[in-house]
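Structure record follows, encoded as structure tokens.
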2 protein chains.
Amino acid sequence: MASSDDVVTMRSEWVLNSPEPPSLWRLFSNSLNKSLSHYRHKLSSLRDQPSPKPLLALLSSLFPILHWIPHYSLTKFRNDLLAGLTIASLCIPQSIGYATLAQLDPQYGLYTSVVPPLIYAVMGSSRDIAVGPVAVVSLLLSSMVQKLIDPASDPIGYTKLVLTTTLFAGIFQTTFGLFRLGFLVEFLSHAVIVGFMAGAAIVIGLQQLKGLFGMSHFTTKTDIISVLKAASTSLFQHPWNPRNFFLGSSFLIFIITTRFVAKRKKKLFWLAAISPLVSVIGSTLIVYVTRADKNGVNIVKHVKGGLNPSSINQLDFKSPHITEVAKIGLVVAIVALTEAVAVGRSFASLKGYRIDGNKEMLSIGVTNIIGSFTSCYVATGSFSRTAVNYAAGCETLVSNIVMAVTVMISLQFMTKLLYYTPTSILASIILSALPGLIDISEAYKIWKVDKLDFVALSSAFFGVLFSSVEIALLLAVVISFLKIILISIRPGTEALGRLPGINLFCDVDQYPMAVRPPGTLIVRLKSALLCFANATFVRERIIKWVAQEELDDKGSTTSTVQLVILDISNLVNIDISGIACLEELHQSLVSQGKKLAIASPTWEVIHTLKAANFVSKIDGRVFLTVGEAIGCKLEC
Amino acid sequence: MASSDDVVTMRSEWVLNSPEPPSLWRLFSNSLNKSLSHYRHKLSSLRDQPSPKPLLALLSSLFPILHWIPHYSLTKFRNDLLAGLTIASLCIPQSIGYATLAQLDPQYGLYTSVVPPLIYAVMGSSRDIAVGPVAVVSLLLSSMVQKLIDPASDPIGYTKLVLTTTLFAGIFQTTFGLFRLGFLVEFLSHAVIVGFMAGAAIVIGLQQLKGLFGMSHFTTKTDIISVLKAASTSLFQHPWNPRNFFLGSSFLIFIITTRFVAKRKKKLFWLAAISPLVSVIGSTLIVYVTRADKNGVNIVKHVKGGLNPSSINQLDFKSPHITEVAKIGLVVAIVALTEAVAVGRSFASLKGYRIDGNKEMLSIGVTNIIGSFTSCYVATGSFSRTAVNYAAGCETLVSNIVMAVTVMISLQFMTKLLYYTPTSILASIILSALPGLIDISEAYKIWKVDKLDFVALSSAFFGVLFSSVEIALLLAVVISFLKIILISIRPGTEALGRLPGINLFCDVDQYPMAVRPPGTLIVRLKSALLCFANATFVRERIIKWVAQEELDDKGSTTSTVQLVILDISNLVNIDISGIACLEELHQSLVSQGKKLAIASPTWEVIHTLKAANFVSKIDGRVFLTVGEAIGCKLEC
């Protein structure tokens with residue numbers, strides 16, 4: 001018996017005499033070092049190689065294309081050409097539609113499908129992403145920038161601000177990448193993104209009512225109530241031409257049908273991919289032949305042709321809204337990165353390669369900076385076009401180059417052909433892309449797995465619908481972090497009992513076969529922190545628990561608890577209020593003739609308890625396991 | 001061996017087939033139920049008793065005085081009388097000083113020392129608290145309300161707003177008490193209070209420069225830079241009379257000397273307690289005799305006599321600032337409660353009785369509501385006077401009644417005597433009370449125990465000094481909660497090894513004697529949550545770790561890790577991103593021919609993993625302990 005006691009004492013000393021945990025400062029400097037060493041390592045590996053290799057290595061680290069282009073083959077090019085042409089056919093109508101959604105002239109969408117894919121092709125590390133304008137970012141830009149300048153009354157000033165926002169977004173993204181701040185993108189949790197995308201899809205869809213019905217009066221607000229009000233006013237009080245709706249909805253049905261077919265027969269995926277372009281061509285021909293534009297069908301009219309003009313002179317840093325523009329740039333930068341990284345990661349994992357989040361942010365950032373100089377608005381990886389690119393069998397980012405060249409040719413020679421394209425077709429094409437943003441099965445999974453996550457999802461969803469995009473995002477991020485606080489400080493406690501056949505103590509509710517030892521109350525704290533926010537609760541609950549423990553159902557005293565063992569294995573941090581809580585608990589127990597013992601403290605916690613002299617106050621009753629703590633009832 | 005395997009399998013099934021944990025909704029409804037059952041229990045216990053006892057029981061629960069007054073004795077009264085007279089002598093000069101600090105007429109301080117102590121005496125559950133105006137609340141009121149109305153140009157409107165704020169504060173406090181929202185008071189952590197009190201003491205002290213030097217020009221701002229600037233301007237550019245400073249500082253030295261003596265000889269504590277009153281009387285006599293007021297010594301002049309007038313007509317709900325006033329009321333309510341509860345608890349624990357935080361909030365709240373009807377501003381438990389009350393041997397709250405009656409008599413008969421009291425003496429009395437608010441040894445303890453807590457302390461301290469009281473509090477609360485988030489999601493991981501002589505696996509850095517088993521990497525997550533904010537980090541770190549594990553110092557492959565065991569005993573919650581992280585980790589390991597096993601999941605986490613089908617993805621490799629998980633390397 002004595003030797004077993006010795007072993008317990010020895011082990012208790014292991015707990016108490018463990019070396020000092022790394023200090024906060026060391027943890028911080030370590031993580032800073034790691035971040036710096038990334039670059040140091042890169043530099044030294046450059047220096048070690050015989051010249052002129054260093055330069056080449058640096059270049060190929062910045063431009064992954066230098067890595068894979070030497071191994072590029074004709075077979076690969078054939079696949080990339082096919083994929084590139086397929087996404088180009090989807091990209092041209094989508095770009096025009098998204099530019100309209102962003103309240104810019106149609107050519108800006110096409111511009112954004114030329115320069116960004118080219119830049120990304122030489123810098124990006126994904127092999128599947130199709131870069132260009134996307135729906136959510138277009139909505140975000142228009143809903144936020146139009147609060148500063150009205151695009152209807154001052155389209156030139158509005159376009160300038162959008163381009164300036166694009167520059168800011170690019171600068172923020174590049175900065176995140178350079179300083180390896182990838183974690184900022186993680187702040188939008190998966191649940192928030194699912195809710196936000198679904199809400200944005202509905203809002204974008206409602207915005208398309210204007211084009212689909214050819215309404216002349218509409219609202220610039222994005223919340224569902226304003227939009228529905230404006231739509232019903234327009235429908236019932238203003239003249240609108242049913243031809244727009246007829247044209248738009250019949251081609252919408254056509255697009256949806258082709259997609260349905262493509263889903264059934266995977267080989268026909270190209271049918272779904274080119275159906276938007278077919279719709280554009282078909283509807284344009286119909287309008288041109290029947291001259292339906294004279295009978296009230298709204299058409300795109302003039303689209304400015306020619307390649308991207310320089311827009312350096314359009315960047316407006318003297319605007320009175322410049323701080324607002326920077327803020328919008330930040331929001332847009334994060335949302336665009338979130339989409340790009342999510343798209344990139346999911347397709348990379350399908351093909352079994354990895355992409356570096358920080359490098360990805362850097363390349364999207366540079367893409368947008370250069371984009372803002374060449375009349376492009378914020379570009380990122382598009383969900384729908386990346387999926388088509390993947391399905392079309394793309395091999396490398398060359399498919400992006402093919403797409404950019406195709407759009408370039410269209411800009412140069414074919415913008416005149418778009419004159420008679422009905423605007424309702426653009427609305428149909430946007431509408432047809434929206435269901436992909438609404439992921440009901442994922443939302444159901446989140447509901448099943450984590451109710452609090454679903455609250456964050458709902459807040460993002462309803463926030464977008466009923467308030468505004470930026471408030472929805474802010475609300476959802478706040479709720480996500482409130483959830484973290486709530487879970488960390490929830491003052492949970494559980495009674496432990498010994499599992500049969502093993503010297504292990506577990507929650508008696510979780511393991512009904514666990515038996516609680518007589519005369520001892522073993523309590524495990526379930527929260528990660530014992531701090532100002534929950535210490536009083538925990539203390540009160542344990543004191544009440546001890547009192548209840550000694551009463552039977554009729555309220556008379558039956559048993560006596562001699563020892564309370566506090567299993568603090570879950571505790572990762574204790575603050576000064578937490579220590580005060582333990583001291584008061586100890587005092588309260590002593591005044592009742594009971595003892596307090598501590599079991600399984602983590603490294604930081606035992607260190608803090610030692611620093612606060614708590615260990616000596618409870619006569620060193622700190623044990624490695626609950627099993628060893630039990631012995632101290634008999635012993636001391 | 002086979003039977004041992006069976007045991008492991010059985011235990012693994014214990015983990016997997018544990019009953020469902022209580023749902024979020026049930027936890028919530030349980031806690032609501034507990035809150036309601038408090039009242040239900042009270043009601044039913046009232047109903048069970050024979051009438052007319054129910055009424056009496058309800059009354060004695062609301063008015064604890066009914067509990068103890070039947071057992072009140074003459075001996076107790078003698079002690080209470082002595083203590084009451086002692087705190088009255090301290091209270092009269094302090095009340096006048098604090099009213100000046102709150103930018104109210106002196107009589108309002110005296111009013112606040114009459115009604116609140118009387119109400120608290122019948123409702124409060126502490127036996128030692130001395131209720132009345134306090135320094136920090138006075139500063140808080142004046143600094144916040146003067147932003148709405150300038151007290152110099154519209155003293156009547158300012159007083160009205162202060163009284164309305166008092167009503168709001170009382171309503172908030174009562175509500176907190178009724179709905180048992182005691183946790184709101186906990187939001188100001190101990191560290192924040194230490195920093196805030198010290199900062200407030202310095203700010204209050206600087207405000208006293210005006211009175212001490214008899215300056216005619218001063219600032220209404222509270223931040224240290226404005227005050228020092230105003231003080232130096234006043235000192236060097238405007239005339240001031242050194243007689244004020246001479247008078248004030250000599251009596252300040254007298255008060256400090258008596259306190260020093262009292263500290264040495266505990267029996268002479270009354271000397272320190274009455275020295276402020278002695279100073280007031282002495283200095284008033286000096287001024288009266290020498291007519292120093294004609295030579296530039298500033299005096300109090302007229303103090304309105306008579307008992308508290310009703311102030312119901314002064315409550316101003318139609319003020320354009322009413323929402324601001326409500327906000328100030330909320331801040332003041334929380335700060336006042338924090339002080340009252342802290343004072344009450346610390347002296348209760350000295351005498352070994354307990355006070356109920358919720359009941360305490362209720363009584364302070366009612367005290368302030370009634371106070372606002374009777375020309376009192378916000379009252380709470382005073383640190384300095386409670387300490388004197390305790391030292392003077394008070395037995396019950398009767399000492400508060402004695403104090404109130406004494407102040408009442410002074411108001412009725414002695415306000416005229418205050419005419420010649422020099423204002424510099426009031427400044428000295430406030431200055432002498434301030435060192436008690438600065439707790440350097442506690443600040444040092446916090447620094448030693450928890451560096452992040454010290455950051456919260458410093459932010460409250462410097463926030464008060466350089467910015468404003470409310471911003472300092474907000475900043476400190478935000479930092480306190482940021483600390484919680486930071487600690488909960490810090491993506492820490494630790495390698496585990498087997499301790500010699502026991503089948504237990506611990507951190508190899510914490511326990512250097514632990515030995516890591518070959519071919520197996522055992523990683524414990526140190527964070528409480530695996531969620532959107534840290535999942536990517538954790539996954540990357542573990543994957544990198546596995547890769548490093550297989551390399552020796554020279555970078556060539558040496559050993560092979562066949563099994564990675566993830567000890568998730570610290571994890572209290574996992575969200576959808578966390579599950580995705582585990583799935584990707586699993587996939588990455590599978591692609592390298594390695595296996596992933598999970599050990600010691602908590603109740604909620606194993607439930608979530610089951611709901612997300614993760615357990616089946618890793619072929620049910622979930623174990624009760626790390627020790628049992630190790631076996632699965634050989635087995636499967």
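One-based numbering along the chain as shown.
Backbone N, Cα and C define each Cβ position, glycine as well.
Just so you know, TrEMBL annotations are computer predictions that nobody has curated.
Cross-referencing B:132-154, B:224-246, B:362-384, B:569-591 with TrEMBL places the feature transmembrane segment at B:362-384.
A contact between the transmembrane segment (B:390-410) and the transmembrane segment (B:269-289) is present, since 3 or more of their C-beta pairs, 6 or more residues apart, lie under 8 Å. Here the transmembrane segment (B:417-438) touches the transmembrane segment (B:81-101). Their Cβ atoms form 3 or more pairs under 8 Å, with each pair 6 or more residues apart.
Using a Cβ-Cβ cut-off under 8 Å and counting only residues 6 or more beyond its ends in the same chain, the transmembrane segment (B:161-179) has close neighbours at 35, 102, 104, 141, 145, 148-149, 185, 311, 314-317, 319, 321-322, 325-326, 328-330, 332-334, 336-337, 358-373, 375-378. Between the transmembrane segment (B:458-482) and the stretches B:81-101, B:191-209, B:269-289, B:328-350, B:362-384, Cβ pairs under 8 Å are most numerous for B:191-209.
For the domain 'STAS' (B:530-633), the number of residues in each DSSP class (helix H, G, I; strand E, B; coil) is 51 helix, 17 strand, 36 coil. Nonlocal intrachain contacts for the transmembrane segment (B:328-350), taken as residues 6+ away from its ends with a CB within less than 8 angstroms of a stretch CB, comprise 125-129, 134, 136-137, 140-141, 144-145, 164-173, 176, 184-185, 187-188, 193, 357, 360-361, 364-365, 368, 378-383, 386, 390, 470, 473. Across the residues of the domain 'STAS' (B:530-633), the predicted structure has a mean pLDDT of 84.
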